[in-house]
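Encoded as structure tokens, the structure appears first; notes follow it.
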Amino acid sequence: MSIAIVYMAKEFNWNHITQGFVLSSFYIGYLTTQVLAGVLADTFGGRRVLGIGAATWTLFTLLTPFSARVNIYCLILCRICLGIGEGVTFPCIVSLIIKWFPPKERSRATSSIVVSIFIGMAIALPISNMLGSSQFGWESIFWVFAIVGFIWSIIWHFYGKSDPRDYSGISKEELDWILESKSSINSKDNLERYQSGSIEYVRKIPWKLIFSRREVWAILLGEFFNSWGFFILLNWLPIFYYEYFHVDINLFGYYTASSYFSYIIMGFVSGYICDYAIHQLKIHVLTATYLAKTSLQGLLIITIGFALYSFQISSTNVSPMDIAPKYAGLIAGLTYTCATVPAFFGVALTGWILEITGNDWSVIWTMCSLSYIFAVLFFGCFAGGEIIID
């Protein structure tokens with residue numbers, strides 16, 4: 001959508017405020033399924049929950065061009081429904097990592113998965129730009145990726161497994177290594193209870209204990225402020241290149257994708273580093289509008305920022321597994337719920353600020369920089385790496 005909306009805004013004559021509402025409406029739906037998905041994934045397994053979510057977001061990706069042709073309200077409703085489906089993703093991933101990886105490998109597993117998302121984005125952005133500029137128009141962006149989502153859903157249905165013991169392709173040595181882990185969540189008894197899907201598990205969630213620990217709040221607040229800047233970049237960076245630096249409409253997707261490549265490379269490295277020590281480095285994008293005078297200079301500064309930003313993968317994303325492995329999916333759901341609130345307001349607010357300030361992007365990047373500083377302070381001061389909820 002961050003690529004398609006440039007073409008859509010030209011065709012439908014949308015101002016920045018309207019673009020902000022379209023971009024942010026996704027997060028209304030995304031917000032609703034975070035905690036629920038974490039609980040369901042912890043209880044019934046991540047395979048089924050993630051499969052249903054994938055089918056949902058695939059359907060509404062396909063329906064996006066049709067809804068946009070009806071009216072703006074129909075498009076916003078479609079985006080909300082798409083967000084409902086996609087909201088299950090990260091809680092399910094955290095729950096699956098707990099099952100499939102020993103504690104010593106969780107940071108690198110998390111970084112590999114998160115970085116893979118950015119690999120997909122780095123590939124999808126220029127493809128979207130190419131499709132949007134082609135004779136098939138911006139509608140083809142959603143058709144192509146709906147087909148991709150459909151194919152993935154079929155593969156996941158047959159090959160995805162919530163528990164490594166249910167996967168026929170795993171070797172005995174690897175399965176023994178996972179099951180013999182000292183982590184309580186990966187012991188045989190707890191795996192049985194974890195898979196049972198009993199309502200008793202849901203009833204016994206220690207809500208009071210969870211919300212009384214500073215380590216949990218470090219994760220929640222750290223991700224809250226971190227996501228403010230991240231989702232603004234995710235949604236508005238292509239528009240920034242197109243409007244601020246006047247990058248050709250056939251190339252702005254390639255510029256955006258280039259910024260993610262440094263994140264991809266450093267993201268894999270940071271996972272191995274953070275298996276031994278926790279690092280929390282944050283991007284400082286403020287200089288993009290003060291120092292950069294050309295599109296290439298802006299690209300260089302933002303690319304360096306993304307490389308540094310990659311070190312956050314092994315902080316708030318991994319922490320739920322460190323402090324509460326049994327309830328990692330639930331805490332991840334709470335975390336991504338906190339992350340979605342600033343995503344909705346920040347993305348929408350960006351459109352409003354740009355409209356009233358006459359496209360003053362320095363205000364936007366100042367706001368993002370401050371949010372990253374707060375994220376560092378909260379997580380750096382209060383985070384922990386030991387199991388506190390068992």
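The backbone N, Cα and C atoms fix where each Cβ goes, glycine too.
Note that the structure is predicted; figures quoted are calculated from it, not measured.
TrEMBL annotations:
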- 1-390: domain 'Major facilitator superfamily (MFS) profile' (DOMAIN)
- 20-41: transmembrane segment (TRANSMEM)
- 48-66: transmembrane segment (TRANSMEM)
- 72-97: transmembrane segment (TRANSMEM)
- 109-128: transmembrane segment (TRANSMEM)
- 140-159: transmembrane segment (TRANSMEM)
- 216-240: transmembrane segment (TRANSMEM)
- 260-278: transmembrane segment (TRANSMEM)
- 290-311: transmembrane segment (TRANSMEM)
- 331-354: transmembrane segment (TRANSMEM)
- 363-389: transmembrane segment (TRANSMEM)
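Across the residues of the domain 'Major facilitator superfamily (MFS) profile' (1-390), the predicted structure has a mean pLDDT of 82. Away from its own ends, the transmembrane segment (72-97) comes close to residues 1, 12, 18, 21-22, 25-35, 37-38, 40-42, 45-47, 49-50, 52-61, 63-64, 106, 109-110, 113, 162, 317, 320-321, 328-330, 332-333, 336, 340 of its chain (Cβ-Cβ under 8 Å, at least six residues beyond either end). The recorded stretches the transmembrane segment (20-41) and the transmembrane segment (140-159) do not share 3+ CB pairs below 8 A when only pairs 6 or more apart in sequence are counted, and are therefore not in contact. The listed stretches are 48-66, 140-159, 216-240, 331-354; of these, 216-240 has the most Cβ pairs under 8 Å to the transmembrane segment (363-389).
Listed stretches 140-159, 216-240, 331-354 were compared with the transmembrane segment (48-66); the greatest number of C-beta pairs under 8 angstroms is found for 140-159. With a threshold of 8 Å between CB atoms, the same-chain residues lying at least 6 positions outside the transmembrane segment (331-354) that come near it are 15-21, 23-24, 27-28, 30-31, 34-39, 87, 90-91, 93-95, 210, 216, 219-221, 223-229, 231-232, 235-236, 316, 320, 323-324, 360-361, 363-364, 367, 371.
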